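Colleague: So that we are looking at the same thing, I have put the structure below in structure tokens.
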Amino acid sequence: MAKKEVKKIVLAYSGGLDTSIILKWLKNEYGCEVVTFSADLGQGDELEPVREKAFKTGADKVYIDDLREEFVRDFVYPMFRANAIYEGSYLLGTSIARPLIAKRQMEIAKIEGCDAVSHGATGKGNDQVRFELAYYHFNPGITVVAPWREWKLNSRQALINYAKRNDIPIPITKKRPWSSDRNLLHISFEGGILEDTWLEPPENMFVLTKAPEKAPNKPQYIEIEFEKGNAVAVDGVRMSPAELLAHLNTIGGEHGIGRVDLLENRSVGMKSRGVYETPGGTILREAHMAVEQITMDREVMHLRDSLIPRYAEMIYNGYWFSPEREMMQCMIDESQKTVNGVARLKLYKGHCRTVGRKSESDSLFNLDFATFEKDQVYNQADAEGFIKLNSLRLRIRSLMLANKNK
């Protein structure tokens, strides 16, 4: 669709430097109505000035929607039922937020009669893929305006100069030369000084977590209860999904838990450094795996675990709404029907460690069979036949090699 044919755009708007400039640029270049949409996913005070700033920058209408409960209940929790983790470190805090933002953005586009949608993701990053795959899932014919792939503002300084010319406040400063993205699951930091892969992130960058060495000298023990793979209570107090994750963020942050610094492989092919704070998510994943240990069948767990790298890649690469992810989610959720129990964790100076787990209804730990003391139900002599049968292929191969070398 040509620029002159676009009549109304809904922009995913954070109020930061990039989307503020995009809002003004859309008004200047497309000359159309622009509706902004900001999702409250737990950013805190960041959203307070967004409405006023959007109108001042030229928005015709502003949506700010509280999606915190939906975010944790329908996106974070399903992902955590899978124990999803990308490249061994990343708990996918940004990746899992984009499908929900895009979903609501497309709903607003329909309500407002918009013929195009826009986002602030760069042409080098993952988010452009995540947003647009979701857009096309909901409306295969939607027009997507991606300014970073159109304009000539191809450097941070060019953006700043454009902002100054158009009287757009610039939130980035020399004191904090990096960009960040926050929601209830994590805060991510990238760019700026973090592009030096040898440089340790400065302590004043972190928001949610204390430095582990400055965390309390006394460990804290907590208990997290699960029903069908979902956390429902902390220390006996039942909470909604968003409340529970926020509570774990506070506790984990106090003990310096959940800092990650990694070079990840982006979906477009390059490597990029990301620094993350995920205190509540780190605790939640550890607790979930602890309850699974006592309630999940071995073969079910191993089969599920073998698929999780692929599942995590789907989320990272923007395929949340794909049929393969939905199919795999059905399998994962089936495996979680027996994941009912309580995990006991010890939090201390950046570490989160399981120290106990129990399940009144679904425990597969049977002391009569597992004990190292004298037992009446397990005949240890039976192990001989089991071992001989399982070693058969190894013994046959050994005989073959011996004959071959004669």
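Each Cβ is built from the backbone N, Cα and C atoms, and glycine gets one as well.
The feature ATP binding site is assigned by Swiss-Prot to A12, Y13, S14, G15, G16, L17, D18, T19, S20, A39, G120, with sequence analysis given as support. Under the heading L-citrulline binding site, Swiss-Prot lists Y90, S95, N126, R130, S179, S188, E264, Y276. Residues annotated as L-aspartate binding site in Swiss-Prot, with sequence analysis given as evidence: T122, N126, D127.
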Colleague: With an 8 Å cut-off on Cβ-Cβ distance and a minimum sequence separation of at least 6, pull the same-chain contacts of Y90 (L-citrulline binding site), or say none.
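Modeller: Listed in sequence order, they are V260, L262, E264, G274, Y276, Y316.
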Colleague: Which has the fewest other CB atoms in a 10 Å radius around its CB: S95, T122, S188, the listed binding-site residues?
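Modeller: Among the binding-site residues S95, T122, S188, the lowest count of other Cβ atoms within 10 Å belongs to T122.
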Colleague: Taking the residues Y90, S95, N126, R130, S179, S188, E264, Y276 listed for L-citrulline, what is the greatest CA to CA distance in Å, to the nearest whole number?
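Modeller: Maximum Cα-Cα distance: 19 Å.
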Colleague: Hey, for the L-aspartate site built from T122, N126, D127, who else sits with CB inside 8 A of the CB center?
Modeller: A121, K124, G125, Q128, V129, R130, R266
Colleague: Could you state the whole-number distance in Å separating the C-alpha atoms of G16 (ATP binding site) and S188 (L-citrulline binding site)?
Modeller: 14
Colleague: I need the nearest neighbour of S20 (ATP binding site) among the binding-site residues S95, T122, N126, D127, using C-alpha distances.
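Modeller: Smallest Cα separation from S20 (ATP binding site) among S95, T122, N126, D127: T122.
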Colleague: Starting from the Cβ of S20 (ATP binding site), draw a 10 Å sphere and report how many other Cβ atoms land inside it.
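Modeller: By my count, 27.
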Colleague: What are the sequence-distant neighbours of D18 (ATP binding site), meaning same chain, six or more residues apart, C-beta distance under 8 angstroms?
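Modeller: Correct list: G120, T122, L159.
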Colleague: How many whole Å apart are the CA atoms of D127 (L-aspartate binding site) and S179 (L-citrulline binding site)?
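Modeller: A Cα-Cα distance of 14 Å.
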Colleague: Identify which of the binding-site residues G16, G120 has its Cβ surrounded by the largest number of other Cβ atoms within 10 Å, counting every protein chain shown.
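Modeller: That would be G120, with the highest Cβ count within 10 Å.
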